[in-house]
Amino acid sequence: MFQSLSAFLMERLKSNRGEHVNPAYDSTLDEPPVYEETNFSNGEHRTVRPSVVSAFGHDTLDRVPNIDFYRNAGSMSGHRAVRPSLQELHDVFQKVSDDGDGSDGTPSDDLESAVPTDDKGAVKFGWIRGVLVRCMLNIWGVMLFIRLSWVFGQAGWGLGIVVIALSCVVTTITGLSMSAICTNGVVRGGGAYYLISRSLGPEFGGSIGLIFAFANAVAVAMYVVGFAETVVDLLKDNDAIMVDEINDIRIVGCITVVLLLALSVAGMEWEAKAQILLLVVLLVAIVNVFVGTVIPATTDKKSKGFFNYDSKIFLENFTPSFTENENFFSVFSIFFPAATGILAGANISGDLRDPQAAIPKGTLLAILITGITYLGVGICVSATVVREATGNITDIVTAGASCNGSAVAACELGWNFSSCTVKKCEFGLLNNNQVMTMVSGFGPLIIAGTFSATLSSALASLVSAPKVFQALCKDNIYKILHYFAKGYGKNNEPIRGYVLTFIISVAFILIGNLNTIAPIISNFFLASYALVNFSCFHASYAKSPGWRPAYKYYNMWLSLLGALLCCVVMFVINWWAALITYGIEILLYIYVKVKKPEVNWGSSTQAVTFVSAVNNALSLSGCALLNRGYKYTIQLLQNCHHQYDIYKAKIFKSKDIFRILKYGGPRSEALEEMNAGMEKNQLWLRKTKRKAFYAAVACDSFREGTKSLLQASGLGRMKPNTLVLGFQRNWRTASTEAVQSYVGILHDAFDFEYGTVMLRMDQGLDVSHIVEAEGQYNNVLRLPPTVPLPHPLLISCIVFSLSLSVSVCGPPPPQVAKMNERMLEASAQFHKKQPKGTIDVWWLFDDGGLTLLLPYILTTRKKWKDSKLRIFIAGQPGRCELDKQEMKSLLHKFRITCTDITVIDDIHVQPRKLEEMIKPFCLHEGSKDTAQAEAMRKEQPWRITDEELITAAVLQTNLQVRLNEVLQENSKSANLIIVSMPIARKESVSDFLYMAWLDILTKDLPPTLLIRGNHKSVLTFYS
């Protein structure tokens, strides 16, 4: 009979050189997926990927992993597809068409899920033009040519190096933190605001977004005033002052900012071209400074304090010489704004082709290049220019005069600048803001460089402020500001934001004093940097599975140090300005907190709140509750037929804790034992340091108890979402009721949309009979074997009472003792560190990503850190390389690394051991008479009848056999195998046939986890 059955299967699965023939199967299918417009019953209109022939050689509703299932609604980077829900796969008769809470599991609306804009013709920049150039131009700002010489004159080149180094330390740590954050998902427009808000939530993001946008607007004024100072110095040299110096600075500044506004409004393309031109001029000017230091000094230059390289000048300028009201911190506060340009590239993140790659590379390289430049220029002027000089060519040392006082170096070089101690001189490092012009080989180039540095920085800030502000307004955190969210043109330019930035800039330009403006914005920028660093620390500390930055060169404690350093520097620069900054932040934070904007970005704040709730609940479970500490919690019983709800009657206060349970069914005989063991079992969990809650229910059957816990256990967001259980190894010898109960639990888990994890090991994990034989307990409480899984996946442990009759009259036989030893060793397998090896993930079906997320989490734990991920996927013949590249791209977006991706393109071929694998499970009743066949059915109900095998799920049964073969070929030596769990349709696949599937699939393999998520996305590539 089995030969005829095999012949039937062979006929059904016709072989063509070992492969199935399927009229719908197209082996050359390599075109991109086609999407159809679909209207859902809830009125939603989306594009859905239609049914296609899968890589398994037959039509199936289940889908292989695809990036389109993880896109947000209205994704601007590609079509969004909707994977079939768990109910659609599980229940063949009741397809769920309403996708209101559907299986997509996408996050709430944000910039990505907004209505897509037409990107055709939009200007997108690479990492050089978009980030590196902008950051360098912004950092090489007004300080380089106008204030750097003054900084080194005040602090000396010893402390001057410390000033630059400290600034670079702050910016480098911030750059590393920012690199980690921006590589933890797709980055949209908004720069620092986007990074902070998506990491720490809208409260922090909303407060710092306003402050950061305002700081950039004020920075425009600072750079424009620096430019105006240079122009006024030129007017002064040529006796062309219009009114007076301060008013001339205001006039020139206002005219300049109007021209810059016009250039910005013209579009990003024109602004980018202007930046390149300004960079070329700036580079030539910097080279001109170095060249000028080796050109022999003229008498006029010597009278102004320039003497070429001289060791006496260099040594004299080592120590600080702070003038009145100046100290190290005041000098640092003047210089630090020069370092604040590191976010210039991130601020236009929405205009970058690949922000994840461009921002880290461009920002960190810009910090390195500009830091070296500042040090080089500062040391050069310190070695060639004295601190004070008269500018009078007749101030030379008379013969025989002794050199002492503050200008010894100049005196030894033949110049007498001692009069500078009596009256204020106009030249030298301390007095002349145009030292760079004097030192250079060609003065006009330095003036051009100063213009370039100041204008480029002003232009970058003028573009950054409206872009950040527009992103903030789009999120509608402050509803009153939504007016500024509107954009214009192909690049969605924030014209209204430009006008607002212009008004703020003009207001601060009217101050007209660079030294007054600089400290104001220093605190605002430092507050932004502090939160960027804290965001990185907070996300790392939360240990959320969603924190998977592709950039690995960061450290959470270094980020915390950077945040604290920024806070300290804020108070060092100006304590009252720091207090004002923090006061504004706190007020804005409280405002957003009270308003509760309708956004949900899955921030690290939510993750930490969840961890804290779990830890607090665990700590409370270990405390004996005293009378005076009693706090009532209410379990409300409600008849499901009654519409009147006691909770709605508001008898109880809203802060009281409710656990609502619909009562039904009699109590179990195990009730007394269960109540007595509650505290003991919770104590055991605490002593063994298991972060888990003990919950027990009294029911007449294991399945009923499981169903009760699946529905009622947990509280709010702490409700379990994943069921873990062990494989029932004795299913062939167990009663029909036991098998139906076990498979019924799986059906219940699917019905209640739980993720389901099943562990199978050759030796099993049940050692209860050994423990009982040693007299350690009499009434055994069995828990389904579990693998320790970290937060945030709470797992229900279903506990039931079981009595065993084990003889303890004497020692077990040698064979039994040896088996017990192996079982004890197997049960402790996951308690020790795993050897070097692999975790093989067979991600065959897209279940929302749980099959991929759990093994990734395991690799982040110490016991599994030496185990590397290998990914296996099903592919179609002729497109293996394309399938591999698609999976590689998807893993890259998920920030999950693996050592290898293998595409199995022959899963659909006929299994080599089809007869050998299926034969032990078949009843073969066809070769027997009716009475004999009926007796065999009663005696061995687990065996599959010929009719069932022929009519139900032939291809699926064949698939499990083939999968076991490829698992044996590829993963026999793995430390752990993880495979997508097949789903049995209710009323279509019998319980015993389903158990046969699971048995065949996992037979003779290393420890194997079968996983099926609830088909809601647990992975995302968005920030």
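Just so it is clear, glycine is given a Cβ too, placed from its N, Cα and C backbone atoms.
Not measured: the values here are computed from a predicted model.
Database features, via TrEMBL:
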- 99-112: compositional bias 'Acidic residues' (COMPBIAS)
- 47-97: domain 'Amino acid permease N-terminal' (DOMAIN)
- 130-623: domain 'Amino acid permease/ SLC12A' (DOMAIN)
- 672-777: domain 'SLC12A transporter C-terminal' (DOMAIN)
- 818-1023: domain 'SLC12A transporter C-terminal' (DOMAIN)
- 97-116: region 'Disordered' (REGION)
- 131-152: transmembrane segment (TRANSMEM)
- 158-187: transmembrane segment (TRANSMEM)
- 208-228: transmembrane segment (TRANSMEM)
- 248-267: transmembrane segment (TRANSMEM)
- 276-297: transmembrane segment (TRANSMEM)
- 328-350: transmembrane segment (TRANSMEM)
- 362-386: transmembrane segment (TRANSMEM)
- 442-465: transmembrane segment (TRANSMEM)
- 495-514: transmembrane segment (TRANSMEM)
- 520-541: transmembrane segment (TRANSMEM)
- 553-577: transmembrane segment (TRANSMEM)
Contact between the transmembrane segment (131-152) and the transmembrane segment (442-465) (at least 3 Cβ pairs under 8 Å, separation 6+): yes
Contact between the transmembrane segment (362-386) and the transmembrane segment (553-577) (3 or more Cβ pairs under 8 Å, separation 6+): no
Criterion met for the transmembrane segment (208-228) and the transmembrane segment (520-541) (at least three Cβ pairs under 8 Å): yes
Contact call for the transmembrane segment (328-350) and the transmembrane segment (442-465): at least 3 Cβ pairs under 8 Å, seq gap 6+: yes
Selected stretch (most C-beta pairs under 8 A with the transmembrane segment (495-514)) from 158-187, 276-297, 442-465, 520-541, 553-577: 442-465
Stretch-level contact, the transmembrane segment (276-297) and the transmembrane segment (248-267), CB cutoff 8 A, at least 3 pairs: no
Non-local residues, at least 6 beyond the ends, that sit with Cβ under 8 Å of the transmembrane segment (520-541): 170-171, 173-174, 176-178, 180-181, 184, 192, 195-196, 199-200, 204, 208, 211-212, 214-215, 218-219, 222, 333, 336-337, 340, 343, 508, 547, 554, 556-557, 559-560, 562-563, 566-567, 569-570, 573-574, 577-578, 580-582, 585, 604-605, 607-608
Range from 158-187, 248-267, 553-577 with most C-beta pairs under 8 A to the transmembrane segment (442-465): 248-267
